[in-house]
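Look at TrEMBL and you will find B:Gly242, B:Pro243, B:Phe244, B:Gly245, B:Ser246, B:Gly247, B:Lys248, B:Thr249 tagged as ATP binding site. Annotation comment: TrEMBL describes B:15-76 as domain 'ATPase F1/V1/A1 complex alpha/beta subunit N-terminal'. Feature annotation from TrEMBL assigns domain 'ATPsynthase alpha/beta subunit barrel-sandwich' to B:118-204. The domain 'ATPase F1/V1/A1 complex alpha/beta subunit nucleotide-binding' annotation in TrEMBL covers B:222-443. Annotated domain 'ATP synthase A/B type C-terminal' per TrEMBL: B:450-552, in sequence order.
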Amino acid sequence: MKEYKTITEISGPLVFAEVDEPVGYDEIVEIETPDGETKRGQVLETSDGLVSIQVFEGTDGIDRNASVRFIGETLKMPVTEDLLGRVLDGSGRPIDDGPDIVPEERQDIVGEAINPFSREYPEEFIQTGVSAIDGMNTLVRGQKLPIFSSAGLPHNDLALQIARQATVPEEAEDEGDDDDSEFAVIFGAMGITQEEANEFMDDFERTGALERSVVFMNLADDPAVERTVTPRLALTTAEYLAFEKDYHVLVILTDMTNYCEALREIGAAREEVPGRRGYPGYMYTDLAQIYERAGRIKGEEGSITQIPILTMPSNDITHPIPDLTGYITEGQIIVDPDLNSQGVTPPVNVLPSLSRLMDDGIGEGLTREDHGDVSDQLYAAYAEGEDKRDLVNIVGREALSDLDNKYLDFADRFEDEFIEQGFKQNRDIDGTLDIGWDLLSMLPKDVLSRIDEDLIDEHYDEDAEAEEVTAD
Amino acid sequence: MSQATESDVREDGVIESVSGPVVTAVDLDARMNDVVYVGHEGLMGEVIEIEGNITTIQVYEETSGVSPGQPVESTGAPLSVDLGPGVLDTIYDGVQRPLDVLEDKMDSAFLDRGVDSPGIDLEKSWEFTPELEEGDEVTRGEVIGIVPETESIDHKVMVPPDALEEGETAEIVSIESGNFTVEQPVAELDTGEEISMRQEWPVRKQRPAAEKYTPKKPLVSGQRILDGLFPIAKGGTAAIPGPFGSGKTVAQQSLAKFADADIVVYIGCGERGNEMTEVIDDFPELPDPQTGNPLMARTCLIANTSNMPVAARESCIYTGITIAEYYRDMGYDVALMADSTSRWAEAMREISSRLEEMPGEEGYPAYLAARLAEFYERAGYYQTINGKEGSVTAIGAVSPPGGDFSEPVTQNTLRIVKAFWALDSDLAERRHFPAINWNDSYSLYRDQLDEWFESNVDQEWSSQRQWAIDVLDEESELQEIVQLVGKDALPDDQQLTLEVARYLREAWLQQNALHGVDRYSPPEKTFRILQGIKTFNDEAFEALEAGVPVDEIQNIDATPQLNRIGTTPDDEADEFVSGIEEDITEQLRELY
């Protein structure tokens with residue numbers, strides 16, 4: 001391995017060095033600072049005689065006398081089943097004082113694209129126990145469903161609740177059957193605060209979830225550039241567990257906004273032509289290489305389901321980060337500041353939320369026969385109620401018709417009874433749909449145009465509407 | 001990809017630098033747009049810039065680990081597609097490598113690097129039946145025989161357009177029927193040219209045609225809002241812009257499934273992997289509404305998902321349109337769906353920024369508008385060089401950032417296409433699908449297609465459409481007032497207009513893409529539903545004039561039945577509507 005002392009320029013997270021032998025693109029570099037510290041980096045651009053290197057741990061302490069070593073291979077993640085239960089830093093080194101990791105394999109972290117021909121279409125319902133998700137925006141195995149949130153909202157609690165409660169109902173029934181694939185959680189933290197990290201770790205430890213988890217921690221005060229590799233390490237581990245060890249893996253990545261900031265930082269340091277709001281023009285491709293590493297493969301037992309979390313700067317969904325994410329992921333769960341201030345937990349606004357894979361994961365044999373119709377009708381009725389709220393602010397309740405008033409009551413009760421459940425309660429899908437019917441029974445039968453008539457006969461509670469009327 | 005079979009490798013070059021998908025090489029003897037193999041692994045790339053001794057290459061595969069000093073070989077030929085029987089019922093990546101063959105060759109569900117494969121199966125033999133005899137004169141492009149390619153489509157074997165000069169004729173000296181592979185000659189010309197079923201065509205070059213006509217026939221889509229309000233012609237161009245979650249992909253897929261084209265080329269350009277899988281799973285199962293055969297028998301899929309290499313995403317649009325033109329030359333009507341052209345534009349931007357070109361608006365290259373125009377201009381209703389009529393209809397999805405239609409890709413597309421179907425996130429949030437906004441959308445083909453609809457569906461087609469547009473326009477004005485004062489404050493006749501508009505929206509414009517019957521609505525049914533609503537409108541206003549209060553008109557129980565016509569089987573729909581019309585008339589007249 002050749003060692004160079006030829007650094008010509010240091011700028012932000014980048015180091016430029018002269019070389020006299022060819023160096024491969026994406027190769028890993030070790031830089032030893034004069035005080036003996038070793039930092040790792042990656043080749044961003046290579047040409048005859050000059051390479052630019054992005055340093056993961058920050059460039060402080062590097063001077064022109066630092067020595068540069070090229071390892072001769074691209075960044076690999078040592079993977080083994082023993083990673084379960086371990087806590088690693090953002091570059092994949094253990095920080096939990098546990099034993100050394102003896103890898104079974106070392107896998108390239110860039111990961112190759114899954115051949116679309118080899119994918120299996122995801123349609124297995126995952127019960128998260130959260131009505132706003134199960135009932136209205138159902139998650140299925142192999143889906144990538146991000147949580148769009150804002151600063152100061154309890155998105156982490158929601159993510160933890162999902163990680164804690166997620167089951168596939170059929171499998172819960174024949175529990176104890178060893179043939180079943182096991183469930184694992186991979187948690188990739190990028191630039192979150194120590195406090196947030198503690199919240200996650202405490203919950204993992206308290207519920208015993210840590211044993212079936214692998215945690216990658218890049219905290220807010222860790223180098224920003226390291227964040228660009230953290231999700232790739234996490235997903236490489238996930239692919240190994242899912243497609244070689246048959247685990248059903250749930251990957252939680254938080255916070256993707258910090259990841260994108262790191263991309264922008266590197267782009268700016270390289271003096272690239274920026275795209276929207278200064279983010280690099282290739283951010284779509286870059287994010288796709290992360291999000292698309294979810295899914296199922298024909299003939300494989302395991303699966304990767306992704307729940308990335310991102311905070312929308314000033315709650316703006318058209319900001320490039322949520323925007324590009326929304327174009328890649330299969331829907332989004334939106335955490336809403338207004339509902340949060342009303343005290344609704346989890347404060348999920350179902351109207352702009354969406355799960356694109358829902359239609360194929362619900363219905364008879366999967367969840368319940370009436371699921372699709374009920375969810376459509378709840379959507380329509382809640383949207384109607386929301387509309388009336390604007391109107392009532394202007395004209396007052398008295399000016400509205402009976403039916404309009406019922407829609408208003410419906411919208412209130414929908415938030416207080418259907419969405420509201422707290423972060424501890426685990427509702428099964430039957431429970432969720434039954435609450436749905438309870439609420440729909442407030443409305444007259446003939447406005448339920450999105451539900452099949454037979455289902456109305458079976459589930460509609462005739463007494464409820466009457467009660468409501470007398471209560472008025 | 002045809003270069004797999006090329007053997008005339010020219011000079012070797014040496015890599016000088018690597019930056020993501022952009023590689024430069026020195027001492028390479030290659031022309032612009034030639035395909036080259038890069039590095040020890042032989043990654044496929046294309047020459048995009050030549051400056052002195054330095055050649056810039058965009059590489060269609062991941063370049064991790066590639067280093068300066070590694071060799072570059074040129075094939076001496078531009079990026080081309082293999083054309084011949086076997087293109088249909090196949091799923092390709094962006095440079096026409098069949099994905100099922102790749103899975104076999106790589107023996108993995110993940111896409112490995114440096115594996116190449118011809119675009120059509122070279123081993124398979126096809127049954128060739130000549131249409132011409134020895135001694136017949138042919139010109140370029142002429143059909144010499146037929147191969148049954150799939151259950152639905154007869155593949156026409158043509159004299160390649162570049163085999164003869166324009167206007168040149170040649171005599172067939174031999175032609176045989178029987179089973180041949182695509183590379184074996186099936187005929188020979190007196191010029192010495194041997195003709196096989198396979199031909200190659202460079203993707204960035206338009207295939208020649210005799211003349212381009214004004215399109216006069218509609219591409220019947222089976223989508224009520226499109227056929228009824230914003231029709232597209234065979235040979236036309238359309239754009240579907242919309243923010244995420246507004247149903248672009250569902251709209252594109254519905255068109256691919258039900259439009260009355262002979263051939264469908266579906267390009268998944270930089271979109272989701274699972275979505276492509278859904279298409280791959282669905283199309284072989286779903287029946288083609290025209291023939292009853294599986295949809296796949298008339299479809300060619302090109303899937304370059306968002307995480308597949310960006311340079312291949314740039315080329316997948318060209319691969320698709322070249323295949324479409326080839327089938328057009330056989331006299332077929334081809335519909336091409338590109339989902340999404342924004343991802344294509346972003347791929348251009350990404351490559352351009354790596355080349356350090358001076359950027360235009362929002363970082364897109366200055367040639368963005370020209371490239372978009374070039375692509376849509378390859379669509380059209382043509383007389384082909386062999387005297388047949390064929391068309392390519394191009395329908396491009398656009399994904400504007402933040403749903404803002406003022407961004408460069410949407411704006412440059414709007415300047416070219418003649419039909420614009422604007423998707424709306426508000427409608428999508430209310431689960432009104434297809435979420436095409438009727439106030440913002442337009443189609444400039446309306447007038448030139450009216451004649452067809454009037455002689456094939458009903459004389460009243462355009463007048464009834466105008467009535468519907470007027471009602472919807474009035475509704476959007478009234479809605480503004482309703483937002484302020486509530487519906488009950490409006491006069492009775494305006495309340496009734498709102499009621500009629502509601503049925504237009506719910507019973508006519510809304511269509512359930514997931515319902516077995518409703519997903520495809522033939523133009524006759526589209527017209528009949530509208531007629532039913534018009535009947536309600538006419539009868540209701542008569543009742544109102546006779547003094548019946550608007551509440552009572554709204555409360556008759558026959559009208560909600562209008563919402564069920566969409567899901568009524570096509571052959572019963574006419575009778576069902578007649579029944580509703582009678583009930584409405586009877587119930588309303590009872591009131592006065």
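Glycine is treated like the rest: Cβ placed from N, Cα and C.
Automated prediction, rather than curation, is the source of TrEMBL annotations.
Not measured: the values here are computed from a predicted model.
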Quiz item: Are there residues of the same chain, six or more positions away from B:Pro243 (ATP binding site), whose CB falls under 8 angstroms from its CB, and which are they?
Solution: B:Ser399, B:Pro400, B:Gly402, B:Gly403, B:Leu423, B:Ser425
Practice problem: Let me know the most crowded of the binding-site residues, choosing from B:Gly242, B:Gly245, B:Gly247 and counting other Cβ atoms within 10 Å. | Solution: B:Gly242
Quiz item: Counting only other Cβ atoms and using a 10 Å cut-off, which of the binding-site residues B:Ser246, B:Thr249 scores lowest?
Solution: B:Thr249
Practice problem: Could you tell me which of the binding-site residues B:Gly242, B:Gly245, B:Gly247 sit with their CB under 8 A from some CB of chain A, listed in sequence order (or 'none')? | Solution: B:Gly245
Quiz item: Beyond B:Gly242, B:Pro243, B:Phe244, B:Gly245, B:Ser246, B:Gly247, B:Lys248, B:Thr249, what residues of that chain have CB atoms within 8 A of the centre of the ATP site's CB atoms?
Solution: B:Ser399, B:Leu423, B:Ser425, B:Ala428, B:Ala435
Self-check item: Stretch with greatest number of CB pairs under 8 Å, the domain 'ATPase F1/V1/A1 complex alpha/beta subunit nucleotide-binding' (B:222-443) reference, B:15-76, B:118-204, B:450-552 candidates
Solution: B:450-552
Quiz item: By DSSP, how many residues in the domain 'ATPase F1/V1/A1 complex alpha/beta subunit N-terminal' (B:15-76) are helix, how many strand, and how many coil?
Solution: 0 helix, 36 strand, 26 coil
Quiz item: Non-local Cβ contacts of B:Lys248 (ATP binding site) (under 8 Å, 6 or more apart, same chain)?
Solution: B:Ile240, B:Pro241, B:Gly242, B:Asp339, B:Ser340, B:Ala397, B:Ser399, B:Leu423
Quiz item: Far apart in sequence but close in space: which same-chain residues, 6 or more away, have a Cβ under 8 Å from B:Phe244 (ATP binding site)?
Solution: B:Ser399, B:Gly403
Quiz item: What does DSSP give as the helix, strand and coil breakdown of the domain 'ATP synthase A/B type C-terminal' (B:450-552)?
Solution: 79 helix, 0 strand, 24 coil
Quiz item: Roughly where does the domain 'ATPase F1/V1/A1 complex alpha/beta subunit N-terminal' (B:15-76) sit in mean pLDDT, to the nearest integer?
Solution: 89
Quiz item: Does DSSP put B:Gly247 (ATP binding site) in a helix, in a strand, or in coil?
Solution: coil
